[in-house]
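Asker: Before I ask anything, let me first share the structure, which is written out below as structure tokens.
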């Protein structure tokens, strides 16, 4: 819930309803009047209604309503007011108490008292359809005179300590009483709603909105210290009512005034009991719920659950709670100068110091913080203070910038009692997407009256919500799916600014009613609403104080100048031109208007000619060219809005410059002439290549802090242009501009490559594609070398040592202070920054893209970001921050150049938004970790750009973009020019053949992700950080590339979680609350993270991923490697594919779009020219024996989701059956159906350019499935393919099914009742609701082609026997493969057993069985090991004193804190074993020992002994050539692949046969498990007979039994392993059995992953009879190594005491299962050990394919010779 300050209950309210008789534009004159400088009369004459909020209701913004008791009305006339009703024009909520200037005398007791200042209440707009802008509504006390002041000058916060003694108060008792009453009421509301107080036992009266009596009197019998809910015993009736003081007005009836300590009301500290803390610690912070989550209504519950996230004690500034101003007091705050002079009335943000947090560190290194019971229940709540809904209030830092903050500080100091007076005193829990209609200074006057369906309407709505949120309507806001926070809105929104023609300065209705609006669909986009506030004029206080020209004429001239400059845009030109060419260039659009927002605030020194600007219109989205976005929209300031040029989607982008970016030299009309200078599409690519973006040049050559002649001439340089910089970034990202950043991260080690790396042709190829990475990277452009005289050295990291106090007092950067921590958004921050300090002589050369160019020039360069999933390796050393060097800091301040954040948020700037990791640092239990470690863990490390304002205050400037990469960053992601180690030509082919399809699906998934990026959004680039694994904060899957990040806290979500949340209706999301499986963490102050507010971010720089995809297709075509990838642009089918001979007519299904023989881009995207592939691939014609003809390598603009698979055109086989074939018509029907549907799929470009097309509505066909265009794919359906077990399960057409013949059609888990899958079933497990042709045909074909499932077990058994015979014959045939490999066959010929673990040729025969998904046994490994190392006595002697946990295998009970010696001593001696309560010796197993990844460190000798002697080293060794995990560069966190030990006693008795040592489960990776020791226990009789019986009942085969009798070998454990494809059937059986036993089946649990089942003989029999599933029963003897395929369910039953050691690996054959399982594991609860994705399968696949492609490319000469 919300605190007092956040809740509107009990506050004064001003309402203005629409006059039904007035015209729609009636309010326009009001706005105009406001702009003209005298807002008072125009606004005062409206029919304002004042009253007090007595109650509120509504769980979602649309339903939010308040009960208002209007002044001067009787009780019957009081009513509920729907906050967002159409007739509500303005809703203003009480803010702070201030001293406001007053001209008219006050009438007191019949006498007129002239006063200069008078106490007044400020009001903050929650709903503002009038466009109040910077107007400050105030209501003077006593006479309640309402005034609208044009600015906050002359106002200052009422100080309780000193102002109570003010002469005016002492002289006028009525005023004094009014002030005291007001303060008292505010104190009471705070007491009721928050703080270390309890009103238990006090008499109160509760308001009854709709009761017969207005007030009910009673006594508080109980008040919850956390939720603040109180139980009131009603005096009259005696009933007990539960009252929430934040929703219903409660007043204290006691005469005494509550006091904080020792008064009538005592502070109550909440318990700090260990038990409470432990119970909370045990849960994942993300799933946490507050103590009282149950038992209250959903809205309350949600709010409580959302209570602040971690950072509620705001140490470094404002993180915990906002002062009233911050929240949104519209009341004026002193002007800049005034405030600077003001005494320490500056706010000190309220800090909730009473919140306690329990922390614990997870295995991945991430610290989770769980909010424990706050002391006294002083919890921050989601009610956000409201960051002024209309940017007018300095309170909204976003609006007022630092000044606001400072102002806020001033205000907040008020008195303890006044804490609650500000509507925003509380933490800003507002959601990040707050949007408001009128931003500071450019409040769009366009009210709803102007455009119902467009911008203003949307903004209006948002401004309402946001204001609500901030003002404290937070009640339901935190749970709203709608973003509500004001300042925060910006930073969370991506994309184009709302460019309504809005006014400059603080004008309000700047755009004339007649001006055309944007497309109405844009108005619905929250992003645009947010961006509408993203204006440069960030501080209306400073504007006012600087006498900002606010007359309408200036506005008109502004718009005119904007229009006149539309010709300035020239596409495709490099930003740095050689000379100025006057006149517009071709490609400019003359009729375009540039929004006023793109301009900084006008000040007298800011000539209007500076307004001649263009806003960027180009898109950076790799695949989306904005369908027909209104071209007026400027781009997201965070990342340049770029346009694609020629090749790469991310290559030379050009953003238009905005006026503010031009320097003083371009102030005149000459500015336009300079624009084209650097824009010529013909030159853009070459220039991009010639001029480096990252330059580690001599300090003397870098941009200097010298301000150009602008200063001397009196015209402002950019640094002096208002407070804000143009909100629209300009300048092509490809600009080779010198960056004051390092070319490589301080912690980054360059990838290990051969000596030829610098001349890497691949790198050059990529450079060409990206338009940047060329050899000239290290040379700076000549003009730069000449122009930049002042020295500047590369920046690294930053500390606060040299920071002056001014940074806290400086109003220009209030956005950076704590107060703005949540209410301010990055966009606004950027808008405020302006391009400070750029020499004017440089700006003249920056052209129309000046601002963007300047940004790059100033250092928006590469860098790395510290990721999310904090698992990391050994601490890394980070170089000294640049800010440790005073001279560098001075130069940075002079030049205003942006630089990368090179330290943790805490060390760099505590007053800026802190990332999640840095927020948690202060709560970590173990502070002794190295500072460098926490620095690298910072999520903004080398990701966020910072800049000093002209006042020397640090603020956020933006984030890196994908184009701002350097060769070192790119080298990590592209093939090395030299041969990769450990991979040869044949291995490369094999890897590509097995992994190429998965890689292609991965690329398709990334394209799908890019299509989800809105056209207006900009993609950021988060550089990989050495030793840190990027993880999704929701499902803990490793982030591969595209993901979404919160700009404020670094919260990141993967594609799947993002899509899942975005596709779900908001109402459903709110209802789910914390109980959903994938619940999202809150932002800094408990604000909800809304998908639309997150910033799309990629990890792989540039277009490397898509180019590797092209290379994969090219390589497979050139080398004749089989391919079955689903993308339409894939190469020809494998030459190995046999011709179909089943008699069905062979009709090619090549689509017209694929008919071109030329290769087109694999990654072609929306409107971009195709990326030129390094080498066009030529598929050899006639290759192979099937006579296939050449197939186009790629299809132009192939649909990203892939159309139906292209089939190679082959001539009909000689034995083709006649057309009269019984199935001929079915086959042709299916083919025709596929062709028709394929036609509709269209190319990627056409699909993406459909303006109305939803990101989910791509009509596409997977090679294996048709995805319903209306069904959002909840998970990586393209990635995973249609089934869990077989990527080829579903045919690309009915024809494939018909060709399969009886007995060949696999069964999918989705359709277990049908012998084969539906022809075009959806790849997501969506219930088929409509009968369709494929469904209908299923039944026909089932009867014609395939035998129905046999229900008769005897028949099934017979069928299986035949199948087994076939398998056995096939297996035996493998003997021919390598007669020299000693092996045998177990399990009736289904299990390969290799006898010589050291045979170098084992891998050949092993691979044939392994690729079939079969387990393999290798015997005799123990003969190679040093047996003395693996004996129980050795372990007991070396590690006996360690404390461990044991598990009782019989009942799964855990025995904690036992010495490991106790376990080992009873390993073979039963009498020494620990005993249970009934006195029986327990069957124990060691739990996680050695712990985690400690095996190698704890037992180095054993580690070496094991790794040297593992069989099949090609697969099992860490650097094995077929172990794909070895391809992952050391730069990344290596997956934990073991070894792990499994030590347990044997289960000997008959009763034990029903339990397992290790229950049924499966692993995401392949594994080899070696039995290194078998201990046969002594004492209490022999157990050999029982063991033999267990083996016999375990279905072991005769050959296995002979090993016991004839070979005298020691049996250790009985395994049951099942094929990965049978996992779903096993689940089905276990669910069925569970239901029979009355067990529940929660959604985040899985019968296999839960490891709660052991399949005993009865269950195994049922599985076989009911589902036809038969596994492998394997007895593992001493020295046997069992190879378990990834995804294969298996269980273990120890026959005797065993020591087993397992090592994991990733084989090419089973990568598809790794893919699928990673998705499965996402759905598990956090308690599952497999929940977290440690394998990083996508990264492994990427780098394996990258190395394979590089190797093949290096061997192409051989191909040419052959």
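Glycine residues also receive a Cβ, built from the backbone N, Cα and C atoms like all the rest.
As annotated in Swiss-Prot:
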COMPBIAS  299-310  compositional bias 'Basic and acidic residues'
COMPBIAS  426-435  compositional bias 'Low complexity'
MOD_RES   615  phosphothreonine
CROSSLNK  789  SUMO2 cross-link
ZN_FING   1032-1057  zinc finger
MOTIF     1294-1298  motif 'LXXLL motif'
DOMAIN    1499-1722  domain 'JmjC'
BINDING   1561, 1563, 1690  Fe cation binding site
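Describe the structural context of these features.
Answerer: When averaged over the zinc finger (1032-1057), pLDDT in the model lands at 89.
Within 10 Å of the C-beta of residue 1563 (Fe cation binding site) there are 20 other C-beta atoms, taking all protein chains into account.
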Asker: Using the CB centroid of 1561, 1563, 1690 as the Fe cation site centre, which other residues of the same chain sit with their CB within 8 A?
Answerer: 1558, 1560, 1562, 1567, 1684, 1688, 1689, 1691
Asker: In the structure shown, with every protein chain counted, which of the binding-site residues 1561, 1690 has the densest set of Cβ atoms within 10 angstroms of its Cβ?
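Answerer: Counting every other Cβ within 10 Å of each candidate, the maximum falls on 1690.
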Asker: Summarise the zinc finger (1032-1057) by DSSP state, stating how many residues are helix, strand and coil.
Answerer: 3 helix, 7 strand, 16 coil
Asker: In terms of DSSP three-state secondary structure, what is the assignment for residue 1561 (Fe cation binding site)?
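Answerer: SS state of residue 1561 (Fe cation binding site) = strand.
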